[in-house]
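Trainee: Annotation source TrEMBL lists transmembrane segment at 42-64, 76-97, 103-123, 130-147.
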Amino acid sequence: MTEHDEQQRRGGLTDRLFGTAARPAAAAPPRAVPEVPGSLRWAALLVGLEAVALGVLALVWTWLVFTHDSVHVGRAVAEVVIIALVAAGVGAAAVGLSRAASWARGAVVAAQIFFGLCGYVAAFEAERPLVGVPILAVVAAVIYLLATPESRLAYFR
């Protein structure tokens, strides 16, 4: 028996220093996918539409920043970035709602409170009911859909 064969039998230097490689793991059992109630799916759809609307707003805001003269271009670009980040966050929350993820409900409720305040200001204080009332209607629909018993019970399974 040669020295190399002896090392292979005992393991190489790295095997002796760090241990041998682990055996391959067994296949993971399939994950149980929770049944998502219809009201939660509708809420996810509405929140997804809000995310799309915010994305369109970010694109329009970008176009306005670069086609009009602005004294504070840096601030305007920062506003575009903030709107885009909010759109991405709301979109992620919509995906989370569609999967009944536990983290998504709180994020969506917080976003709806913010959107409700924006809708109220647009409808009543800025006297733009054509903008504010639809925002308030969507917010009310999402909050209602999240408050239905089947949506609440989806998080306790």
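Cβ coordinates are placed from backbone N, Cα and C, and glycine is handled just like the others.
Annotations in TrEMBL come from automatic prediction, not curation.
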Trainee: Under 8 Å, at least 3 Cβ pairs, sequence separation 6 or more: does that hold for the transmembrane segment (130-147) versus the transmembrane segment (42-64)?
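Mentor: Stretch pair touches.
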Trainee: Residues sitting near the transmembrane segment (76-97): Cβ under 8 Å, six or more positions beyond its termini, same chain?
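Mentor: For the transmembrane segment (76-97), the nonlocal Cβ contacts are 40, 43-45, 47-48, 50-52, 54-55, 57-58, 61-62, 65, 70, 103-105, 107-108, 111.
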